[in-house]
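Asks: Let me begin by handing over the structure; questions about it come next.
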Amino acid sequence: MAVAIAAARVWRLNRGLSQAALLLLRQPGARGLARSHPPRQQQQFSSLDDKPQFPGASAEFIDKLEFIQPNVISGIPIYRVMDRQGQIINPSEDPHLPKEKVLKLYKSMTLLNTMDRILYESQRQGRISFYMTNYGEEGTHVGSAAALDNTDLVFGQYREAGVLMYRDYPLELFMAQCYGNISDLGKGRQMPVHYGCKERHFVTISSPLATQIPQAVGAAYAAKRANANRVVICYFGEGAASEGDAHAGFNFAATLECPIIFFCRNNGYAISTPTSEQYRGDGIAARGPGYGIMSIRVDGNDVFAVYNATKEARRRAVAENQPFLIEAMTYRIGHHSTSDDSSAYRSVDEVNYWDKQDHPISRLRHYLLSQGWWDEEQEKAWRKQSRRKVMEAFEQAERKPKPNPNLLFSDVYQEMPAQLRKQQESLARHLQTYGEHYPLDHFDK
């Protein structure tokens with residue numbers, strides 16, 4: 001009996017935070033476990049009424065030795081709004097977005113898809129050095145971006161180009177970054193797809209996994225201290241969630257009560273490592289309650305489910321100063337990057353299922369068609385127009401020179417120190433002597 005009671009309490013803890021999905025998040029007075037608690041008043045009890053007084057946990061004593069089995073805890077449910085045919089399942093969960101906003105969602109997703117195809121092929125042709133596509137995960141980017149304020153700070157990993165796309169980041173700057181030309185905001189110093197834009201509150205991407213998580217928590221803590229009325233959103237994958245930085249960030253956010261949304265894209269693979277080898281527990285959302293973080297699991301291929309969850313998490317994170325964890329279940333249809341061949345670790349049939357049967361773009365297109373907001377002629381015209389827009393930006397980026405080599409030494413110090421100036425002069429002498437061995441005509445003078 002004691003075993004059953006203990007197991008039921010653990011089960012209720014996990015289910016209680018996600019069973020009702022957004023209904024729970026919408027409770028106006030509810031607070032996550034991250035809230036600070038007043039010191040517990042020590043009381044005297046008789047031996048017959050002995051209750052735990054430990055300050056580190058809320059629990060009861062039991063008198064039988066038993067370890068809690070992980071399989072006793074049911075999986076956190078997956079919240080969704082639309083089925084795979086684009087039909088609203090529960091009318092009360094319909095976000096009732098206006099036609100213009102839904103069309104922007106769709107056009108952002110399809111434009112991103114078109115850009116991915118062109119830049120992937122350009123890398124295969126040797127025109128750029130590296131690329132990472134977003135196939136199959138467009139709904140997680142755009143659905144979450146649409147639910148944020150434009151001033152909310154974004155910390156991405158390396159597969160969130162759709163967030164910038166939704167914030168109207170110009171195609172010319174996407175291309176400039178991948179080509180590393182003179183129009184690149186980062187002046188050619190980053191790998192391709194490592195975007196950043198101060199004006200759109202998108203922090204420059206860093207390659208090392210999960211380093212952005214504690215950084216994002218620090219930014220959220222600063223926003224809280226400044227009463228900035230903004231949220232920080234931090235994107236990462238289920239593989240990055242295994243890094244130590246993720247665990248430190250979760251605990252930091254909970255104990256300091258930071259207005260942050262942890263957004264995990266669980267796409268099934270961390271490069272070649274499947275989720276079955278990545279963790280043994282119930283995914284990433286199940287970790288939230290252990291840190292005292294309000295958590296939810298959503299269908300990442302349902303752009304409306306992603307929108308609703310992010311919208312509500314944002315509202316409460318700002319109003320109540322507490323962190324939220326969203327695990328968006330999706331699938332990485334493309335290779336991890338142009339350096340990867342995913343056929344070595346997964347089947348073509350597996351990929352085709354997600355591409356043909358459960359793609360976020362197809363699901364939203366079904367919704368648009370059912371509403372009478374889109375038709376086949378508009379689809380053909382938009383596909384043609386979007387490809388033309390991407391190709392124009394692509395050709396423009398290809399014609400522009402690379403940044404001047406002297407920019408290697410700028411933007412670190414307000415005034416260049418003597419040692420750095422010495423290195424700059426050394427490079428200039430080297431290029432003057434051996435310039436014929438370098439493609440200097442490709443660089444800005």
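Numbering starts at 1 and runs along the chain as displayed.
Just so you know, glycine gets a Cβ as well, placed from its N, Cα and C.
Not my notes, these are from Swiss-Prot:
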| type | residues | note |
| --- | --- | --- |
| BINDING | TYR158, ARG159, SER207, GLY239, ALA240, ARG265, HIS336 | thiamine diphosphate binding site |
| BINDING | SER206, PRO208, THR211, GLN212 | K(+) binding site |
| BINDING | GLU238, ASN267, TYR269 | Mg(2+) binding site |
| MOD_RES | SER337 | phosphoserine |
| MOD_RES | THR338 | phosphothreonine |
| MOD_RES | SER339 | phosphoserine |
| MOD_RES | SER347 | phosphoserine |
| MOD_RES | LYS356 | N6-acetyllysine |
| MOD_RES | LYS356 | N6-succinyllysine |
| MOD_RES | LYS380 | N6-succinyllysine |
| REGION | 33-52 | region 'Disordered' |
| TRANSIT | 1-45 | transit peptide |
Asks: Would you find the one among the recorded positions SER207, GLN212, THR338, SER339 whose Cβ has the most company, meaning other Cβ atoms within 10 Å?
Replies: GLN212
Asks: Pull out the recorded positions from the set ARG159, GLY239, ALA240, SER337, THR338, LYS356 whose C-alpha sits within 10 Å of the C-alpha of THR211 (K(+) binding site).
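Replies: The recorded positions close to THR211 (K(+) binding site) (Cα within 10 Å), listed in sequence order, are ALA240.
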Asks: Around the recorded K(+) site, report the further residues of that chain (criterion: Cβ within 8 Å of the mean position of the Cβ atoms of SER206, PRO208, THR211, GLN212; site residues excluded), sequence-ordered.
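Replies: Neighbours within 8 Å of the Cβ centroid, excluding SER206, PRO208, THR211, GLN212: ILE205, SER207, LEU209, ALA210, GLN215, ASP245.
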Asks: Closest to TYR269 (Mg(2+) binding site): which of the recorded positions SER207, GLN212, HIS336, LYS356, LYS380, going by Cα position?
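Replies: Of the recorded positions SER207, GLN212, HIS336, LYS356, LYS380, HIS336 has its Cα closest to that of TYR269 (Mg(2+) binding site).
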Asks: In angstrom units, rounded to an integer, how far apart are the Cα atoms of LYS356 (N6-acetyllysine) and ASN267 (Mg(2+) binding site)?
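Replies: It is 16 Å, counting Cα to Cα.
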Asks: Sort the recorded positions SER206, SER207, SER347, LYS380 by C-alpha distance from SER337 (phosphoserine) and give me just the closest.
Replies: SER207
Asks: In the three-state scheme derived from DSSP, which category covers ARG265 (thiamine diphosphate binding site)?
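Replies: Its secondary structure by DSSP: strand.
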Asks: Let me know the most crowded of the recorded positions, choosing from SER206, THR211, ASN267, SER337 and counting other Cβ atoms within 10 Å.
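Replies: For the recorded positions SER206, THR211, ASN267, SER337, the Cβ with the most other Cβ atoms within 10 Å is ASN267.
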Asks: Could you check which of the recorded positions PRO208, GLN212, LYS380 is the closest Cα neighbour of HIS336 (thiamine diphosphate binding site)?
Replies: PRO208
